[in-house]
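*Asks:* Quick paste from TrEMBL:
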- Cys143, Cys146, His147, Met274: heme c 1 binding site (BINDING)
- Met186, Cys229, Cys232, His233: heme c 2 binding site (BINDING)
- 130-210: domain 'Cytochrome c' (DOMAIN)
- 217-297: domain 'Cytochrome c' (DOMAIN)
- 12-31: transmembrane segment (TRANSMEM)
- 61-84: transmembrane segment (TRANSMEM)
Amino acid sequence: MSDFISDFWSHYVAVLTAAGIAGCAILLWVAGRKKVAARSDNTTGHVWDEDLTEMNNPLPMWWVGLFILTIVFSVGYLVAYPGFGSYQGELKWSTKSEYETEVARATRELEPLYAQFTAKSPEDLAADTNAMAIGERLFMNNCAQCHGSDARGSKSFPNLADADWLHGGTGDKIKETITKGRTGVMPPMAAAVGSSDDVKNVAQYVLSLSNSPHDSVRAQLGKSKFAACAACHGMDGKGNPALGAPNLADDIWLHGWGEQAIIAMINNGKTNQMPAQEDKLTPAQIHVLSGYVWGLSNKPQVAAKQ
Ligand code: HEC
Ligand code: HEC
């Protein structure tokens, strides 16, 4: 109601509501007073289907009682609860305030539980089965749509259950990733590499780093051109977590395996974003998630702590 710019609709609804209740009361009163002239056999004289007659009995008292009760109830209800135009009701109840009270109560109840979790490091938390049950639910609701319900990711969405990390795999690094998000940026590099033949050679060199099937002549030719890549991926191609530059020597491919996929990376570059969660989740929830994600790729250490 408060969305309307004038009070007209509020008054309109209030008048209709009051008229409806008053109408019911008047109907009852009139029906109770009006005497229908009955015939000697106590029928009204109306006959249907040859022998169906209408008796002239008063309304049963239980029925009249219920009718009065509903009128009294409706008036009481409209005084206490919203319903009479835009009047809020004496109890000031609203779905919004009910929701807010519930959320506040849940937060209060969960506080001691989460306090117990935040006292531990993400690595220790990974061995806490209670925390991990909560972590799994948080992951399913907030992360699985991109990283998959088994956290194994897909093309361009990293696998979080292996030991290969773009940005670092300690509990604290994972927490930083989830809180602030990450943007991995690889600029288009073709111009720095040279001709399209040079690009092809570098791509073959990249394949050779992980011992993937490659053309060794081209790889040799591409080796010197890899200097353009070394600033981010390192001379040995093992990557740099500070820049989010992946290890190219481990045969794990975020953006696709093979010469064509690597050439596409060199020619087009790539900007890949992990959205920050600090506005969506509480610090305690992020803490629990950090432990959950860390635990996925450190199963033996988790088992040893349990
Ligand atoms: C909209 C998709 C999306 C959602 C939702 C999302 N992520 Fe990500 N996440 C990504 C992408 C894309 C990357 C890779 C960023 C890059 O290339 O640098 C990433 C990277 C990460 C990394 C770093 C991986 C590494 O190798 O360093 C972690 C950890 C992570 N996400 C955890 C989470 C968690 C936990 C959640 C849930 C709270 C989540 N993500 C929700 C898309 C998403
Ligand atoms: C400015 C830093 C930078 C330079 C220079 C750079 N890269 Fe990258 N590269 C990145 C980053 C960051 C990513 C990851 C992008 C993401 O977050 O998804 C990446 C991703 C890649 C990938 C995809 C890896 C995968 O797992 O799918 C390949 C292949 C690659 N780079 C090859 C190269 C080659 C070859 C060169 C040199 C010609 C090069 N890069 C130069 C930063 C760089």
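Cβ atoms here come from the backbone N, Cα and C positions, even for glycine.
All TrEMBL annotations are machine predictions without curation.
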*Asks:* Hey, for the heme c 2 site built from Met186, Cys229, Cys232, His233, who else sits with CB inside 8 A of the CB center?
*Replies:* Met189, Ala230, Ala231, Leu243, Ala245, Leu248
*Asks:* Among the binding-site residues listed here, Cys229, Cys232, whose Cβ has the fewest other Cβ atoms inside 10 Å?
*Replies:* Cys232
*Asks:* Please list, in sequence order, those binding-site residues from Cys143, Cys229, Cys232, Met274 with the Cβ less than 6 Å from ligand 2.
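*Replies:* The ones that qualify, in sequence order, are Cys229, Cys232.
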*Asks:* Taking ligand 1 as the reference, state which of the binding-site residues Cys143, Cys146, Met186, Cys229, His233, Met274 have a Cβ closer than 6 Å to one of its atoms.
*Replies:* Cys143, Cys146, Met274
*Asks:* As a test of the contact definition, list every same-chain residue at least 6 positions from Cys143 (heme c 1 binding site) whose Cβ is closer than 8 Å to its Cβ.
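*Replies:* Result: Ala151, Leu289.
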*Asks:* Which residues, same chain and not among Cys143, Cys146, His147, Met274, have a CB within 8 angstroms of the centroid of the CB atoms at the recorded heme c 1 site?
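*Replies:* Close Cβ neighbours, site residues excluded: Ala144, Gln145, Gly153, Phe157, Pro158, Leu160.
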*Asks:* Taking helix as H, G and I and strand as E and B in DSSP, count the residues of the domain 'Cytochrome c' (130-210) in helix, strand and coil.
*Replies:* 45 helix, 7 strand, 29 coil
*Asks:* Can you tell me how far the Cα of Met186 (heme c 2 binding site) sits from the Cα of Met274 (heme c 1 binding site), in Å?
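*Replies:* Cα-Cα distance, Met186 (heme c 2 binding site) to Met274 (heme c 1 binding site): 15 Å.
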*Asks:* Between Cys146, Met186, Met274, which of the binding-site residues has the fewest other CB atoms within 10 angstroms in the structure shown?
*Replies:* Cys146
*Asks:* As a quick check of your reading of DSSP, tell me how many residues in the domain 'Cytochrome c' (217-297) are helical, how many are strand and how many are coil.
*Replies:* 41 helix, 7 strand, 33 coil
